[in-house]
């Protein structure tokens, strides 16, 4: 009885003072994925995938876009009468064209190398329209009769504003020889065309000469065109067709024209006064009177995130497009509040998900810290040094990832003519392949970084635990749940010394040794008692078994079941 009382007294003494190492927990339900696990609940996380836009066309860095409304690029450059609002346009940040604009080539035909011209425009921010061959400078040809009902203006027949359709005059079409020398310091975009009549009668009616040609030459261009006379279906009321061409005339270079019919001469050209990043974006959106750094056909993106999944085509300083629906980067710890007692999977270091069973919602001023209890009370205290180092480390890592992924680029649609469909299909397959690879890389990066972040937190908790363990040594007992029981009295000053790393082991070692030996002695004495009882029990059992065997043998001998010889 005395031993039992002594044991209870010692147990109550040892249990009194404790210090535990733990980590922060909160009410967060946000989940992340790692290489090893899915749907890991964490205390803090950062979404790095932008999914929202404003649904508007905006200025890009303060520069308005050129929104062509119902006009196409061809209609704008040639001067479709329905596109007069774009006769002179200011600097633009990007060009917006509808998928099927109504005001294209009003007189039916083709625009040669149209896709290449659009690609050129993706590197231009401003044109200045200049007159190179005045309409009044054709005294031997009709320069005002070249109009068509296909290009109406105010209910009357008209024609493209920037070129002149030359017709015979007084039943004659003298051979044209005309040159223009580019004396500007800028490159010049020059446009001209040829008319393909419906039949020979129309050819004679308009140009008098049955066999005509157009020759165009520069230092880099040598072109000779002849009309293709053929019966065709009517488009916009016209059986004839027009084909338009363009070239870039360098400074101090000259363009020379020679023709005896079917010539659509340039009147205006475009001086390229500013080059820069631009794009031709297909979109049906309206202008939103807003400003952005990143524009997509779906709307503007204002985000510092490194990825987005809104549209693969962008202009400006944009996040990278990925096909993912979710990219969440862990910044905090595994969120396992103490009330949630079920065992979680272990992290690399086994700290948070291993020997420590749940976080503390009561510790709100740090990621890692302590909980102590002694005669003076109990309380939580964050380890601010390790917490700050962890915050700095995670913040630097997140910023580094964003910086690496934020290499700005533009992705604009490429257009191909009908003869290049196989190239277009190959290009789409290549772009889809690049997007698939980039999406995979982004998702893998997030999984790996989340694994590293959670292991980083596990390691920090384990390091804090080891810091305490190495200080206390045998002055305290490890309980296996992140806590230590002192073999000596540890007041608040003592607790504080453990937390800040100044614990004086020798000061408490003698008291701890005595208490430790006293507890060990009780255990040994109890062990001896148990051993004696075990021996007595074994001997008694053996004697009882021997007596039973002897009695059974005598009974069998007496009734003849067993022969007994002496």
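Just so you know, glycine gets a Cβ as well, placed from its N, Cα and C.
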So one of 26, 559 should carry the feature N-linked glycosylation site according to Swiss-Prot; which one? 26
Per Swiss-Prot record, range annotated transmembrane segment [choices 511-531, 532-552]: 532-552
Should residue 27 (N-linked glycosylation site) be counted as helix, strand, or coil on the basis of DSSP? coil
Under a criterion of Cβ-Cβ distance under 8 Å and sequence separation of at least 6, what residues of the same chain contact residue 490 (disulfide bond)? 17, 19, 372, 374, 498, 508
Taking only the CA atoms, the spacing between residue 106 (disulfide bond) and residue 71 (disulfide bond), expressed in whole angstrom, is 10
Mean predicted confidence [pLDDT] for the topological domain 'Cytoplasmic' (553-566): 56
